[in-house]
Structures are given as C-alpha cells and as structure tokens.
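Just below is one structure, and these are the notes that go with it.
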Amino acid sequence: MQTLHVELGERRYPIFIGSQLDPKQLLEPYIHGQQVMIVSNVTVAPLYLSHYQEALESLGKTVATCILPDGEKYKDIQHLNLIFDALLEAGFNRDCTVLALGGGVIGDMAGFASACFQRGVYFVQVPTTLLSQVDSSVGGKTGINHPLGKNMLGAFQQPQVVLADMAQLNTLPERELSAGLAEVIKYALLGDEDFLVWLEENMDGLVARDADLLAEAVYRSCAHKARIVANDEKEQGERALLNLGHTFGHAIESYLGYGTWLHGEAVATGMVMAADLSQRLGWISNEDVARTKKIIQRANLPISCPQIPLDDFLGHMAHDKKVLNGQLRLVLLKQLGQAVITKDFDVELMKQAILANQHG
C-alpha cells in the first residue's frame, strides 16, 4: 500500500492506494461520531456495500444507506434531495459522516450533501472507478449539474480520507476504465512528460488491468493533483490547469446529453481539440498532436466527436466556469508536459480545431 497526503494545513488528509485495502483498519481513525451514511448506487452497492457496512458496524457505528440510480444524468438536485431525505429520516446529527462509495457522480453528490447538511458534516471518499480515484475524489470539489451547465451548483468539501482500492477496478466495465485513463493521460500532458513516456511504455498493461501498473498510475496522478490542490485549493490560479480538455469536453457532454458520452470520453476528445488548437497557434508540432492522439487511442478513447453545430458547441462553451469577465479562457499546451491557461488565442483557429475533430 502507498500513502499520499494532500497538504492543506490542519485539514491535511491521506489517500491510501493499494489492493484489497482493509476498511476497518484504515477508516477507524477518520470516522467521527457514531453515525455513518453510506451513499452508493445500484451498480456498486451489490458489489461492495456489505463489505464497508460490516466493517463500520464492527467499529460500533450506526450505519444507514442511500442507494441512488447509476449515471451522470442523475447528478441533479432531485437526486441530491434523496440523500438529505435519508439523513433526516435516519435522525442523523451534525457529528455524522457521509461516506461516498462509488464513482465520480456518487462522490460529487455525497460530498455536496455533506457540505450542506446541517451546514457541514464529515466526509469520506471510497472511489470505485479509475476516473474518481485519480480525479474527482481528490481535492474537495463537489457538486451537481444544472440543465444550463455541468457542475454549476457545488461546494468545496475536503474529505477526511480517501481509499483507492485497485481490486475494485476489476469489476469496472472496459469503457469506464478507459474513461479513467483519459484523466491519467491529462496529468501527463499538462505537467509531466516523463509520466507521458511511462504511459506510452505501459498503456497495454494498464488497459489489461495490471494492478501494480494501475496503482502506480493512480499514485502519480494523485501526487500531481495533490501538489496543485495544496497550492491552489479554490482554483484561483494553477488549479485551473487541471481542466485541460474539459472546456471542449463539457460542451460535448452538454450537447449530447449527460451520460451519452462518459466524462472521460468527452475529455479525451477535448484534449485532442486543445492540442490541435495549440498546434494551430504554433506552440506544439504536428508530431506532438499525433503523439497525443496515439496515446488516447491506445486507451480505447475517442479522438473526435459526432458533428455538433458550431453555434451550439460555442454556446455550451460559453457556460464554462473559466469564463472571466465575458472572456473564455482555455487550457492549452505550450509543449507536451507543459500547459497554460490563456485567453490569448484566435477564436477562428479555435473554431477550426473544433470542426477538424468531429466526424459525420
């Protein structure tokens, strides 16, 4: 087992990364109070809920559960309310803990619920997908979608602890595994070319679910994110770099309808668009773009999206949270392994990059 810490002063917390982790031993120091609400979904609960419920009950905790439907399209205010209903019906108090057992949607919703319930209760993350292990479970961003934009309602809510168990990735559908690899590739492209080389050498093993390689990929990804979050928790500056591919990707997700494409799939094509625009600006080479596309394809991810009318695409981009004073800011590549956030780009070139990476 490997341990990383997200350094946030007195709110410092550990990320435990390994296979067949013992929840009783690892969670005991971090569960405050006697009441624990496990939030999961209909896919994950039959696989792992009893394991965590029994571990917590053996610690003398009162455990209640809230099982939600599975999917991004349920990440809304109506389903968030089901968590509040469960907490209130169980009579839980402000000293309770909300434990997220699932992927990014469950983590986002359970975290947001924990930030709101009685103005804030304790929160624990047990991410069961690769994407949530390397991205959404680390750093405290929680929230839900609104019909007009993704993650428009939310709060920063740091967990007490994160448990990333590689054994749980064995039950992950192939498409979900690939979606997680998109975020892993993102860390390499935005800040670590050595990691990109490692991914190029080990992508076949990652796709084949080699537990040691997955643990190394999760560790390196989380270490990268933890460093950025420690420097910029509330995304005032450097943390925005973690949105490489996301402005384009969110537009794809929003237009197609949440859940039609997985988040990681949309981000993958978004990173291709960002690389394409970076090349059109003269920042990276054609070879760099080809290298970006190749590693994304090797992870069984899309490098183009269905045709989306340009006005619709741009309209969805305009709802992005990185819009500042009416100006769209994009995360682009100065070179592979070095990203920047900028508003200094030619909009016509951006349109070309969008259109060039769609298929009929």
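Just so you know, glycine gets a Cβ as well, placed from its N, Cα and C.
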Per Swiss-Prot, member of GLU174, GLU183, GLU193 binding Zn(2+) alongside HIS246, HIS263: GLU183
GLU183, HIS246, HIS263 excluded, remaining Cβ within 8 Å of their centroid (Zn(2+)): LEU131, ASP135, ALA182, LYS186, GLY245, GLY249, GLY264, ALA266, VAL267, GLY270
Neighbour count (Cβ, 10 Å) for ASP70 (NAD(+) binding site): 18
Least Cβ-crowded entry, counting other Cβ within 10 Å, from the binding-site residues listed as GLU72, ASP108, GLU183: GLU72
Set of same-chain residues at least 6 away whose C-beta sits under 8 angstroms from TYR74 (NAD(+) binding site): LEU68, VAL105
